Amino acid sequence: MRYTLNDDWRFLPDGVEFAEKAWLSDAGWQRVNVPHTWNATDPFDDVESYRRGASWYRKHFTLADSLRGRRLLLHFEGANQVARVYVNGAFVGQHKGGYTAFTVDFTRHARFGADNLVAVEVDNSHDPMIPPLSVGFALYGGIYRDVWLVATDPVHVTTSDLGSSGVAVTTPEVSAERGTVRVRGAVTNDGAPARQLRVVSTVLDAAGREVARGETSVTAAPNASAGFDTALPPVARPHLWSPDDPYLYAVYTDVYDGARLADRVTSPLGFRWFRFGPDGFFLNGKKTFLRGTNRHQDYAGLGSALSNTQHVRDLEIIKTMGANFLRLAHYPQDPAVLDAADRLGLLIWEEVPVVNHITVDSEFTRNAQTMLREMIRQHRNHPSVVTWGIMNEVFLWSEAGERIGRQSDTTYMREVRDFAHGMDAVARAEDPSRFTTMAIHGATSYDESGVAAITQILGLNLYNGWYSGTLDEFGPTLDRRHAKSPSQAIVVSEYGSGSELRLNAVVPERFDHSGAYHRLYHESYLRQARARPWLAGTAVWNEFDFAQPHIGESTPNMNKKGLLTFDRQPKDVYYLYKANWNPTPMVYVASRDWRHRAGIDSTGARTVTQPVDVYSNAGPVELLVNGKSLGTRAPDDVTKASWQVPFAAGDNVIEARAGKVVDRLVIRMDVVPRALRDTTWREIAVNVGSNAQYFDDTGPVWLEDRAYAPGSFGYVGGKAALMAREIVITDTKQTPLYVTYRAGLDAYRFDVPDGDYELELRFAEPGGAQGAGAAGGALPPGEAPGAHAFGVAVNGRTLVERLDLATRRNVAPARPITTEVSATNGSGVVVTFRPIAGQAVLNAIRIRRK
Ligand code: GCB
C-alpha cells in the first residue's frame with residue numbers, strides 16, 4: 001500500500017538548528033505542496049544568482065492504527081541534492097544526489113493514532129564530492145518530485161535496493177517467435193520465525209490476460225533477506241515493443257506467505273531486442289534511425305517542480321514531433337517520464353550528471369558510481385531504455401573548474417580515463433542488456449586520453465555553424481569521427497542553435513538568434529545526417545528552452561536552443577521536424593514567429609518583398625497571398641518550399657495548400673518608404689548592429705541595421721558587434737535590442753523632412769566583462785574590456801557630454817535616452833558620436849514624427 005505525502009508541507013528557506021524537533025514551531029513557515037523548489041524563479045534574477053544552500057521541509061501526518069505491525073517507509077522520487085530525513089526527531093536516512101530516488105525506513109519511530117513529524121533538510125550547495133560540479137543548467141533545490149508513504153507487510157520484496165522496486169525483469173531471449181522472461185530480486189522477512197515463501201511472477205498482456213507464470217520458493221531467515229531468480233516459460237509470438245507499436249506487458253511479482261499474498265510489485269515489460277554498432281542502431285532486427293531530441297526537466301515559473309502530467313505532456317510533444325528517441329540530459333528524470341516513454345514509444349538514453357569535469361577523489365567516484373547504480377536499478381525495467389550514459393563533455397572544464405578549450409594536464413586526463421573505465425564497468429556489470437555511452441565535445445583530449453574509446457556508443461555534441469565554423473562542417477566532422485572510431489556506434493547526442501521569438505531575419509546569420517537561422521541550422525543538419533546511413537541517430541539540443549544561469553544573450557539566464565520556448569510554445573523550427581518525422585500529412589507556413597514584419601518599399605508601390613518558407617510533407621504546395629496564387633512548388637528534401645512574397649502594407653493573408661491540407665496565416669507588413677521625405681511613415685526603429693528584426697507586441701518592428709544612403713537612413717562608420725555571452729543585460733525586457741550594437745560609429749543619420757521628431761537612443765556597455773568572450777573560447781567575443789565613454793550630439797547640439805557606460809563585471813544595464821529634435825532647412829536628423837575613452841557604441845535607435 002502506498003500513497004503520496006505531497007500536500008501540506010511547511011517550508012523554511014534556511015538551515016536552522018533543531019528543525020527536526022517537534023518542539024520547534026513551524027507556525028511561521030511557508031505552506032507548500034511538493035513537488036517544490038525554492039529556485040522556481042531566482043535563476044532569472046538579473047545579477048545575483050539563485051540561492052544554493054540549506055532549507056527545511058516539515059510535514060505532520062497521522063498513521064492509521066491499521067498500519068501497526070507494518071514496515072513503514074518514505075520514498076522520495078528526488079530531492080536536490082543532499083537530503084537528511086528525520087521522523088519524530090530521529091535521523092532515519094540521508095541521500096546524496098539530486099536526480100535519483102531513495103527510500104528510508106522509519107518503522108521504529110512511527111506513532112499510531114498520534115501526530116508524526118517528518119523533517120527533511122535539503123541542501124543544494126556546491127559540493128565537490130557530488131556530481132554535477134559545474135553545469136550549464138540550474139541546480140534547483142528542493143523536494144521537487146513526489147514523496148510516498150509506503151507500508152508493507154513484514155514479509156515483502158526488499159525495499160533497500162538503492163531506491164528501486166527490488167525486482168529486476170529481463171528478457172534473456174526475444175525473437176518474433178518467442179520471448180523469455182527472467183525475474184530476479186530478493187524478499188525480506190522482518191519478523192520471526194523463518195518463513196518459507198513463494199515468489200510467483202506472472203506476465204500479463206495489455207488486456208490483462210496471463211501469458212506466462214513462474215514460481216520460486218525461498219526460505220527467509222528471521223530479519224533477513226533471501227534472493228530469488230525465476231525463469232518463466234517462454235511467451236510464444238510475443239507482441240513486440242517498438243516506438244511505432246509500444247505494446248506493453250506487465251509483470252506481477254507476488255510474495256506468498258502460505259496462502260496469503262503478502263506483497264506485490266508490478267513491473268513494466270516490453271519484448272524487443274536491439275543492438276548498436278558502427279553500422280547504426282537495429283531494433284527487432286530492423287535498422288532504425290534514432291530521430292531524437294534532448295530534454296531538461298524545468299519549465300517557466302515552476303523550475304524543476306513539475307507535476308507528473310506536465311512531464312507526460314512534454315513527452316507527448318516530443319512524440320507528436322515524430323521523434324522515436326529521447327536523451328534525458330543530463331540526469332535521471334522523473335518516473336513519470338520513463339513510464340510515458342514506455343507507453344508512447346520513445347527510446348531512451350538516460351545518463352548521470354557527470355558534466356564538464358570531475359573531482360579526483362575516491363568519494364566523488366563512489367558517489368558517481370552509486371548514482372549510476374541507482375539510476376540503473378530504478379529504471380532498468382523500462383523497455384524504452386536502450387543506453388546508459390556515464391558522462392557529458394568531461395573535458396570541457398579543467399580539474400580546477402575553469403572553462404578551457406583544451407586539456408593539457410596529462411595526469412588529470414589519466415584520472416578521468418580511470419574514472420570513466422570504472423563507471424563504464426559499473427554500468428556493464430549492472431545491466432549487460434543495455435549499451436554504455438558518453439557524450440563528448442570537439443576537443444582532442446578524449447582521444448589523447450583514451451576516454452573516447454571506453455563506451456560502446458560514442459555521443460558527439462556538435463555545434464558547427466553555431467559556436468564555431470559553418471553549417472557544412474557538420475557532415476565532414478562526423479565522417480572524421482567515424483573513421484577514427486570504426487568499432488563504435490555513433491550518435492549525435494547534441495546539435496542546436498539558439499533562437500528567440502522576437503528576432504527574425506531576411507538574411508540570417510550565425511548567432512543572430514533569429515528564427516530563420518534556427519531553421520536553416522536544423523534543415524542543414526537534417527540533410528547532412530541523412531546522408532550518413534552508418535549514423536545510429538541524432539538528438540536535437542534541446543526540445544525546450546531551459547534555465548542556464550550566468551549567461552547573457554538575447555534572454556539572460558536562458559538557453560534558447562529549444563524547439564519550443566520555456567513555456568512550451570512551439571517555434572517554427574518545431575514544424576520542420578514534425579513535417580520530416582511525423583508522417584501525418586501537414587503543411588505549415590513557417591512564419592508564426594514572424595507575423596509582424598517591416599521592410600523598405602521595394603517597388604515604390606508600397607510593397608516589400610520578403611521570403612516565406614513552407615514545410616509540407618503532403619506534396620507540392622501552392623502559395624496564395626491575399627487570394628492570388630504565387631504558383632505551386634515541390635518541397636525540397638527537408639520538406640521546405642520557399643517563395644519571395646510581395647507583401648502589401650498592412651495585413652496579408654498567406655495561404656499554403658498541399659492537396660487537402662491547408663495552412664493560413666496573417667502576416668502584417670509595415671512598409672518604410674525608400675525616401676523619408678515621403679511621409680507615409682510615422683516611426684522608424686532600428687536594431688542597430690544586427691541583421692535581425694525585433695518585435696515584441698509593445699512597440700514598432702525594429703528593423704535590421706543598414707548603411708546610410710542619401711534620402712534614407714542608416715549608420716555612418718563603425719562595425720557591427722555582439723555582446724559577449726557572459727554579459728547579462730539588465731533593466732530592460734527588450735534585451736535583444738541591446739545584445740547587438742555598432743562600435744566606433746561616427747554618426748547615425750535620418751534624411752527626414754523638416755519638422756519635429758522624438759528620438760530615442762539606446763546604449764549598453766559591451767565591455768563590462770573582464771575577459772568576456774575569451775572565457776568561452778569559441779564564441780564571438782564582445783569588445784575588449786574597458787570603459788566606453790563618449791559624447792553624443794544631435795544636429796550639432798550636445799545631448800550628452802560624456803556617456804560613461806562602465807559598470808560591474810558581466811553586467812550591462814540598459815541605458816535609453818529620449819530627446820526631441822527639430823529638422824530645419826533640410827538638416828534631417830543627424831546623431832554624431834565623439835569618443836572619449838574606447839569607442840562610441842549604439843545599440844538601438846528610434847525616430848518618430850510628432
Ligand atoms: C553542450 C552541453 C549542454 C549545453 C549546450 C549549449 O555541449 O552539453 O549542456 O547546454 O552545449 O547549449 O551550449
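Just so you know, the numbers here start at 1 and follow the chain as drawn.
In case you wondered, yes, glycine gets a Cβ from its N, Cα and C as well.
Residues annotated as domain 'Glycosyl hydrolases family 2 sugar binding' in TrEMBL: 51-151. Taken from TrEMBL, the feature domain 'Glycoside hydrolase family 2 immunoglobulin-like beta-sandwich' applies to 170-272. For 281-583, the entry in TrEMBL reads domain 'Glycoside hydrolase family 2 catalytic'. The domain 'DUF4982' annotation in TrEMBL covers 611-661. The domain 'Malectin' annotation in TrEMBL covers 684-811.
When each of 51-151, 170-272, 281-583, 684-811 is scored by its Cβ pairs under 8 Å to the domain 'DUF4982' (611-661), the top-ranked stretch turns out to be 281-583.
Per-residue pLDDT, averaged along the domain 'Malectin' (684-811), amounts to 85 for this model. Counting residues of the domain 'Glycosyl hydrolases family 2 sugar binding' (51-151) by DSSP class, helix then strand then coil, yields 6 helix, 48 strand, 47 coil. According to DSSP, the secondary structure content of the domain 'Malectin' (684-811) in residues is 4 helix, 53 strand, 71 coil.
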